[in-house]
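Database features (TrEMBL):
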| type | residues | note |
| --- | --- | --- |
| REGION | 1-73 | region 'Disordered' |
| COMPBIAS | 7-20 | compositional bias 'Basic and acidic residues' |
| COMPBIAS | 42-60 | compositional bias 'Basic and acidic residues' |
| TRANSMEM | 265-285 | transmembrane segment |
| DOMAIN | 388-579 | domain 'Glycosyltransferase 2-like' |
| TRANSMEM | 553-579 | transmembrane segment |
| TRANSMEM | 599-621 | transmembrane segment |
| TRANSMEM | 633-655 | transmembrane segment |
| REGION | 666-706 | region 'Disordered' |
Amino acid sequence: MVVTDRAGLHDTMTGRRGDDGATPSWPERLRFPVARPTGFSGHDDDPGNDCGGDHRDDRGGGPTDSVGSRDDTTPELDCLRHVLAPALLQAAARRGYDLQIGADRVLIHHGLIDEGSYLRHLSHALSLDIEEFDERRRADCPLSDAQIPAAAAAGITPLRLNGDLVWVLAPQRLTSRGLCLLLARFPETRPRLRLSSAIAQQNFLAKYGASALTETSCAELQRRFPALSAAPPHAPLWRQRLQRGGCVAAVMVLPLCLDPEVTTAFLAIWFIGFAGLRLLASLWPRRAPPISVRRPDADLPVYTVVAALYREADSVGPLVEALEALDYPPEKLDLILVIEPDDLFTRAALARLKPRPHLRVLIAPAVAPKTKPKALNYALAFARGSFIAVFDAEDRPDPGQLRAALAAFDGAGRETACVQASLCIDNLTHSWLSRTFLAEYAGQFDLFLPGLAALGLPLPLGGSSNHFRTDVLRAIGAWDPHNVTEDADLGFRLARLGYRCGTFASTTYEEAPLTFGNWLRQRSRWMKGWIQTWEVHMRHPLRLWRETGIGGVLALNLLLGGNVLSALAYPLLLMIALMSAADWADSSPNWLAADTPTALHWLAISSGVASTIVVGLLGLVRRRQWRHAGVLMLTPLYWLCLSIAAWRALAHYVWCPYRWDKTQHGVASRPHPLAPKASAWRRRWRRSEAATDTASDRPQPPRACA
């Protein structure tokens, strides 16, 4: 039998006041306790999962409730005794016990009954009304705008109907069981409760909480940490452009006021520092990760996976297939796809997919800025998981990536707020650009970022396959909607606020741009975002020093600043070096020794090219893709392409810093994604059904009554 503190919920439903005579506030009401399992070592989800309750450390440990033995009856299935075969209900009850969730969730997530049918049976059995929200207005919901995002994640919405406060619940993990037990003990709470489907509640909150959700997704970081936001100042657009243009012009004119040799020497030294840090981090020895034990499914938390899509109709199908192939119980998987309101083709492609209980589609607010981080922030308000992962439209993650990320979190400690998986290119036969991307990613994600983490330096995260602790992500203001490389910015912001980022051994396969134009738009957006990130975090250099130490200051300036500055300066340094070499070659056989500035320029260029080749080559060897190493001989040409992207990024930073240049995906032929595997539980059930298939005792096929 499940033991739960139903008296606390009873007090909340009936409006009984606390010991101090005060009526509980909305957050207290939101977290009323229902059906918490004893010894349940799994993770908490967000504040509303299981209808709230106490919160534990995400490593486990729980309250003193109990789900009873594996063979106990499950009251949430009583309404289905006449609908589904007894053997199927018993199998669902056993799996629910194994996962520490309600058996109703098992049936729904495996497609054995749809949510609407189950709610109708449950409402009939409990004599509860189903709230469709069709006739409800904003005035019916007593929540303030600031409280609506919490309700969206919790699955609990209060309504004021005919003067009475009614709680509308969209059942999640153990909600249905808790309601059955609550009403059995306190039937007088029945008039205060209603049921709702998750989609109906989500649509109601999205419609009438639009202003609050939009404010959260667009301005939460600016409100809480204004010094760490790239949001524009409250000034006319022409004045903003004039200010940015003036700053860029001042930086470019300043070197002309100095000795040219001093200027070029400064650029060369910065160039060398950038190359040196890249080599140091890539070659830095790192300890082997601790041996992790595969978590039992009962100990797995709900995991939210988010992908922001725009004009990705061709990529939707393969993306959903790849996410369905993740080795994670579907009952504990919360998939969210966010699309833009004007993206009709992607919406149509999603509509053609079969419904999935754990897949939700959200429409981002139609307000500026129209960026990926704004869409991610909007999805975060609806996220139910203790952990959240971000993927792009073209991504195909390793099936075991979520479990590997949890193992990395377990081994790293609570101060680690984010872990980054490796990214790898899988369309290698199309162009030299895609093969260059392969070498670049292999060095960046398999060597460089793990080395930075081992050195304890902030990580410029990749834009995909980031895994976060959801509570920490919300606490730090989430993504910056005005930064077009929200990933790199978030890595440095986490470091400034006292958190760490790490890496772990798992790969997500991506599609590299095929054409130079597509590559240029993507790379110039990255560099524009690095300029934004550098500008934000260098507003107060001394504060940055205090918060991250000298390592953080050097990492910001050499990695982000150095990346952009070296690309901008590369043609100048190369031209000066070639001209000086030509002049001195005629007059001195030992011209490098005779001319220190020229030697410095050549050292800068050669060290930069050499570091790129060495890191890329080591990455290719690690990936066992050394047959593509020949493309690294084109590094000097590739750097000229990077310079074009950097100058384009600088112009866009002045004129349109918040514009998101779209990268076209879904145009390359790639290996077929991993096919989603049939549920192991359903396979076992089918084998069990076949073994007992007789005329007398064969279970009837599951059916859902209207």
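Note: Cβ is positioned from N, Cα and C throughout, glycine not excepted.
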**Report entry** Outside the transmembrane segment (599-621), six or more residues from its ends: residues with CB under 8 Å to it
**Finding:** 264-265, 267-269, 271-272, 274-276, 278-279, 282, 438-448, 566, 570, 573-574, 576-577, 580-581, 592-593, 628-629, 632, 635-636, 639
Query raised in the report: Same-chain Cβ contacts of the transmembrane segment (553-579) under 8 Å, 6 or more residues past its ends?
Result: 264, 267-268, 270-271, 273-274, 277, 452, 457-458, 460, 488, 492, 527, 530-531, 533-534, 537-538, 541, 544-545, 597-598, 601-602, 604-605, 608, 639-640, 642-643, 645-647, 649-650
Query raised in the report: Per-residue pLDDT averaged over the domain 'Glycosyltransferase 2-like' (388-579) comes to what?
Result: 93
